[in-house]
Amino acid sequence: VSRARAAFTDSDTADEAVRATCDDATTCKRFATSKGYWKDPYMQYFARSVGERKAPEINRGYYARVQGMNHLLDAFIRKTECDCQVINLGAGLDTTFWRLKEENLLPRKFFEIDFPTVVARKIHNIKKKPPLSKPIIETHSTDSLLLDAHSLDSDRYCIIGADLRDISTLDQKLKKFQLPTMLLSECVLVYMTPSHSSNIIHWAAESFHTAMFINYEQVNMSDRFGQVMIENLQRRQCNLAGVEACQSLESQKERFLKSGWEHADALDMMTVYSMLPQEDVARIERLEFLDEKELLHQLLQHYSICWATKDKLNLGISYITLFLLIVFASPPFTNKL
C-alpha cells in the first residue's frame, strides 16, 4: 500500500509542476504584452500584475511563438471560412477565443481542455470579469448555457476539465462535430510519456477526417544546451517525460506520420523568427536592448513548431505553411503509407 501511495504522490507532484507551467506562460505573456511585443487586451484579466521583469530573449521567444502559432491557426480558419472547430489541448489561461472573436475569425466552436483545477481558475475569472464573459454571451443564442465550477459550454466556446492522458473520458466529454478540425498544443505533449502523447496524436488522426495539428515544444534536446534546460526543469520537479520525441525536427515529424497523419513539417523557432515580417521584427527589437544575441539564437534553436495535416475534403490545408518568406520552400513531407 505504501509503495502505491508513494507512486501516486510522485505522479501528483509531477502534475502539480506541470500545472505551474501554465502560470509561467501567462506571466511571461503578460509581461511581453505590457512591453508592446504584441497586443492582448485580455491577458490582464488572467494575470493581475505585470510581475517581475523577463529577459529580452524570453520576450522575443514568446513573440515568435505567438506569431507562428497564430499564423497557422488563422490561415486554417480562413481556409475553412470559419466552418471548422478548434480544440486547444492543455489550453491553460490562453486568450485565443477572445482574439478570434474580436477579429471576426471565430470558428463554429472553440474547445479548450486542461486539468480541472486550471479550468476552475479560468472559469472563475470569466465569471468575475465582464470583458471575458460578455463575448461568450454575445455569441450564445440558445437558453442552455452550461456553467459550473469545472466546465463551461456555450454555442461557440467550451471549456472542459479533463486529463489528456485519459482518452476515453476526453472523447466522451468532447462533444465534437464532424467538421474540419484544428488541434493546438503548446508545451503539452512533452510533459507526457511517449505512449500517452502518441495516443493523443493517434486519437486525433482517427477522430477527424480533415484536420491540422500544431505542436509547439522543445527540439534538439540531446545537446548540452538541451541538457541544461532539462536539468533546470527537473530542479522544479518538472520532468520532460516525452523528451525523446524532441531530439530533432525529424523526430517531431515522425511521431505524426507514424500515427495516421498524411503530411508533417517542422521548423525551429530561430528559422520562424527569421521568416516573420521583418518590419514588425525590427519594431520589437527596438523595444529592449539585447546584449547577448547568441543566447537568443540558442534558445530559439531549442524550440520548434511542428504541424501535421490530413485532408479528406481536399480543402488544401496541407499547403498551409510557415514558409512565409522562403521562395524555394520544399513541399511538405508526405507519408506514402
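Backbone N, Cα and C atoms are what each Cβ position is placed from, and that goes for glycine too.
Annotated in TrEMBL:
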type	residues	note
BINDING	Arg65, Gly90, Asp163, Leu164, Glu186	S-adenosyl-L-methionine binding site
TRANSMEM	313-333	transmembrane segment
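This view paints the features noted in TrEMBL onto the structure.
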residue	record	Cβ contacts under 8 Å, 6 or more apart
Arg65	S-adenosyl-L-methionine binding site	Glu186, Tyr216, Met269, Tyr303, Ile305
Gly90	S-adenosyl-L-methionine binding site	Ile113, Asp114, Leu164, Ser185, Glu186, Cys187, Val188
Asp163	S-adenosyl-L-methionine binding site	Phe115, Thr169, Leu170
Around the C-beta of Glu186 (S-adenosyl-L-methionine binding site), how many further C-beta atoms are within 10 angstroms, looking at every protein chain? 22
